[in-house]
Structure formats: structure tokens, C-alpha cells
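These features come from TrEMBL:
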type: DOMAIN; residues: 1-90; note: domain 'PH'
type: DOMAIN; residues: 194-379; note: domain 'Rho-GAP'
type: DOMAIN; residues: 412-501; note: domain 'Ras-associating'
type: DOMAIN; residues: 514-625; note: domain 'PH'
Amino acid sequence: MGASGKGEFSRRWCVLGDGVLSYFENERAVTPNGEIRASEIVCLAVPPPDTHGFEHTFEVYTEGERLYLFGLESTEQAHEWVKCIAKAFVPPLAEDLLARDFERLGRLPYKAGLSLQRAQEGWFSLSGSELRAVFPEGPCEEPLQLRKLQELSIQGDSENQVLVLVERRRTLYIQGERRLDFMGWLGAIQKAAASMGDTLSEQQLGDSDIPVIVYRCVDYITQCGLTSEGIYRKCGQTSKTQRLLESLRQDARSVHLKEGEQHVDDVSSALKRFLRDLPDGLFTRAQRLAWLEASEIEDEEEKVSRYRELLVRLPPVNRATVKALISHLYCVQCFSDTNQMNVHNLAIVFGPTLFQTDGQDYKAGRVVEDLINHYVVVFSVDEEELRKQREEITAIVKMRVAGTASGTQHAGDFICTVYLEEKKAETEQHIKIPASMTAEELTLEILDRRNVGIREKDYWTCFEVNEREEAERPLHFAEKVLPILHGLGTDSHLVVKKHQAMEAMLLYLASRVGDTKHGMMKFREDRSLLGLGLPSGGFHDRYFILNSSCLRLYKEVRSHRPEKEWPVKSLKVYLGVKKKLRPPTCWGFTVVHETEKHEKQQWYLCCDTQMELREWFATFLFVQHDGLVWPSEPSRVSRAVPEVRLGSVSLIPLRGSENEMRRSVAAFTADPLSLLRNV
């Protein structure tokens, strides 16, 4: 019974019992006008009030592609009917989905994990922007946060549509087997995944709680506009800025900014307009005055401490957005020799924007200036985070300097050669590497191109191979690829292959107690790099202790004071030791440490057994990456990669002369903290 207005409903007496929903002409009738078996129900939907003329309605979809619409005026009665019908058709394995209210509940064919050969039937419930799922095998899945999806797309033709949902490291394919209820699910999921309003927390969000609209703009400016003269001071064309902002507000996830289609000034203007128009402002109405007052504190240390206090009080999305924006502006001012936008100039632009003033209150600009100047301290940015940020920005800009010098300005993303399983001509793949691409994304794309399926316990990984050192390093799945490419020598390359030791390492990590490892290993320094070393230049027994912060070397087990100590997160650990060093065993690894002055130290370690080597290497990975050695989702699905990936935007030629660009890059690379020392 379909209806679009209250007058089109037919009044019926309804009875639910013994797994059957029957509707009668009236309460005295004996024979029902019709009935719906609970086993035939595939979906139960609860539209917003007054959708169909009644205060409350609910929709029942059946396997026979029929839709039944029921309406009530009473909130309590509507809620009770929905709850009872849901209990009648949802099986025990999915009854956890009934614990909370929902807009949509039902069963759908899906593919996920390792089971991509055939579709299975799963149970789903949509509540707000969360999609909960229960699958026949395995525990209840973590809900998908639809406004945090990396991708939402529809694949296939009109007859065989598939909804693809990608959230972090899991991919879910929902198939449109029954068109009627599938179209209802599709519309509801698309609506739930869109921005819900004008406030920050109602936007589509990324993994770090940063609105996608902010991420899109900042990422584009980082890749395309860091050296654009007057960036953020110059305004874009009003009409283009307005159109872009409307698209971003409607569905930022589907907007992919491309050089040639959007100018950097249009994108920067759209970001400024979005931040200025936030109803509650970035710093919130309740706390705005406190931030402005803090800027007048004369003692710098006390002022910074006050900023840190106020930062903690901001809502999580606001706090994450403030950090992301100030981090970006910190990078922008590092190139002020070329873009003419130093800290003061950026503060003049962003003070009134972020505090939504008319520009007359100097305190707004002072807050922004202070936050950029004290970026590292206010936002607790550690050395490792700053190093990664520096490497990524330097890699982007140097790639473009090279493109400018060689006349290949139109080349777009950096293209590199990656091999599958081994280095030979027939296995090489030439692939575009956007600045945001991780090692995991690169691995999946290579496998997709060669149509390689991932089976259970296939630990496909991207390796950095150094032929001269005869060593290789498996990249962490979340590691950014572009900075690695920037640092690769002519005798190094990337290869995607199975990590044969990963299963054993994961089993070891799951069974061990504590986060430290200690024991004897054979040690040798690289005298050619250090200009010093052990007298014989050979391998010597040393005792090592590895914990969450550092690796310590002791002359012997009884020693109280370490001979050497290295911060663990600054180490790069490669499997293998070159043969000309005559390692005492074949189970060794090469360790590289880059000092604060960018000087490289290198040494070699050898273990007595293969298992010992794997245990040490697993512990290194564990402490360097805070316990996340492999993606939490055990099944990384190989899937077709869309033409445009998240963050995959073109790299455009730099503004300014080649010499100006080189000076900016050199200054930033040499000392990114130089600005802070003047505070």
C-alpha cells in the first residue's frame, strides 16, 4: 500500500502474530485483506515525521519487490509497532542491531574481507551517520562512520549496481539484488554520509576528525600553492569561489581539486569563506573572548600555557581543525621568501577570518601570529611528527623544482617505477604517486593492476630495496611513499612482494609479555660513515635493550651504563647485511640513524637464529609504530582503484623563478625550526 499523502491511506486493523503481519478491513473482520510474512521482509524503514502526511510512518519492503506503508499519529504506538516488527523478522544473530533506534534495518547481499568470490547476506541498520553490520561469520563489526568514509561510490550498470563503502582499511560492497529496497538504502546512506549542517562537527570528517572540506583545500594548497605569491592574501574570482564552496559543502568527499580546473586563489578563498561563515566560529562563541584576552598576556611562557589550556577546552573537531590549519600556515610561512606571506601577513588575513571580526581588533591577528610562532609547543608537536612533515613538504617542492628545471611542468603527480615480487623488466609498473599515498595504498594498486588476489595470510608489503647495501626494508603500511622516493638513491628501488616473516612476527607479538626486548647480538659500526669504530673493524658481542623510547648498547650484560643510546623512532631498520663485511651469521640487519643535523650513522647487527632476528625486528616495528604493526583489519581487500583517489591531485609548476624556489626549499630543509628560535 503506497501513498504520498494522508488522504491516500486506507484505514486497516493490523495484527502481528506467529511471524505474520495481517491487516483486516476492521477489528471485527475474520478474514484478512492481506498478510506479510516476517520471513519475506527484507527491510524496515522509519522516515522523518510528516514524510507521507502522517506524523509517524514506517515502510516495510518484501522480497517480492513490494513496499507497504503504514501511518500512525501516536509516537508511542509507532515506536512499539516498529520494535515488534523488527523483532519478528531479524534473526537471533543480528538482534544486537535492535538495541538502538534506527532509520533503516534489513538484510542485503554484500561482499567484504576475503570472501569476494560470492556474495553473502548480512544484516544492516542505519542510525544517524552510523551503519552497523552483522555478518554470518565472525563477531559484530565495528560500525562504519559514514561521514568519515574515504570513498562512497556506485559501480556497475543500472541493472547490477554495487555500492562501495571504503572506511580506513576496510572495504564493503553492497549489491543491489532487489532494486526497490536497494534504492532506499542507497539514498539513505548517501544522505547520512553527507554534511548534515553548517557547524564543523556536522561536516564530512576524515580519520583525524578534520572536516574533509578543510582537508581538501589545505591538501591542494600544500601541493599546488606553497610558493604562489600572495597565497591567501589574494582573492579568487567570486563566482568560481562560490561555485566551488557550494560543491564542497554539498559533498566534499566527491570533489577532487585539479590543477587547470581550479586556481589556488579560488581554493584559498573558498577555505577562508567556509571558516568565516561557520555559525559558531572555529574558536566557538563561548571561548572566543578568552582567546583574544590571552593574546594580551605579556609573559610569553604564561601566554603559551594559556593557549594550551584553551585548546583542550575546544570541541574535538574544532581542536583538530585548528591544529591542521595552523600546521598548514606554519608550512606556508616557511616559504615566505617566495610567496611573500610571512607569519605577520598570514595573521593579518586569518585573524579576522577565524574570529569573524571586521579587522579592527588587532588581538585576533595576534592570536594567529602566536599560534604559528609557537606551533610546536602549543600543539605538542614532537620531533618525529615535525620531521615527517618536513620530509613530505620538501619532497613535494623538490619534485616540482625538478619538473620546472626539466621543462616537464605539466607532468602532474610524480611517476615512479615499482616492481612486483622481483626486479625485472616484465614485472615493472609505472605509477603516479600523490603526496598522500601510503605504502598500503601503493601495494593494493600494484596488486590490482596485475589482477593479483589476496588470500588469507598473504602479507603483501612494499619493500625499499638497497642493492648496494644488500638490504631491504618493509615499509609500514601507513608510511607516506613520496618522501621515501625523494630519498631513494640510484641503487635503490621499490618492490611489492609477500612479507614471509610477518605471520611469525605477529604471533610472537601476540604471545609476548611487555613492550621491551633484550639480549646479546653481534655488532659492527660502519667506519666509512663514522670515521671511527671498533679497533678490528669486525663484529663484537654486545648486549642490547630495546624499549618504547630508545635502543641501548652495553659492553656486556653486567654493565650499568650504556656505551651508546639511540632514540628508537629515528632509526630505519633494514633486513640483511652486505656480504663483504663478512657477517658471522646470515641473520642480520642494517640500522641507519639520522641525527638532528641530518648526518647519517649506520651499523650492523647479527643474530644467532632466524627466530631471534624476527623477534628483534618485530619489536622494532612494534615500538616504532605504537603497537600497530599490521592493519587492524586482517583482510586488506584488493579492489579496483578509481581513476581519482583521495588526495590524488596534480602537482602544478611552482610560482617564481627556479632559483627562488631552490632557496625556499633549501632553507626549509636545512632548519624548519629557525623561526621558533627567534621567539
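Cβ atoms are placed via backbone N, Cα and C, with glycine included.
Owing to the predicted nature of the structure, the values given are computational and were not obtained by experimental measurement.
Here the domain 'PH' (1-90) has, by DSSP, the following mix of helix, strand and coil residues: 21 helix, 32 strand, 37 coil. Taken residue by residue, the domain 'Ras-associating' (412-501) breaks down under DSSP into 21 helix, 33 strand, 36 coil.
Note on the domain 'PH' (514-625): DSSP counts are 25 helix, 46 strand, 41 coil.
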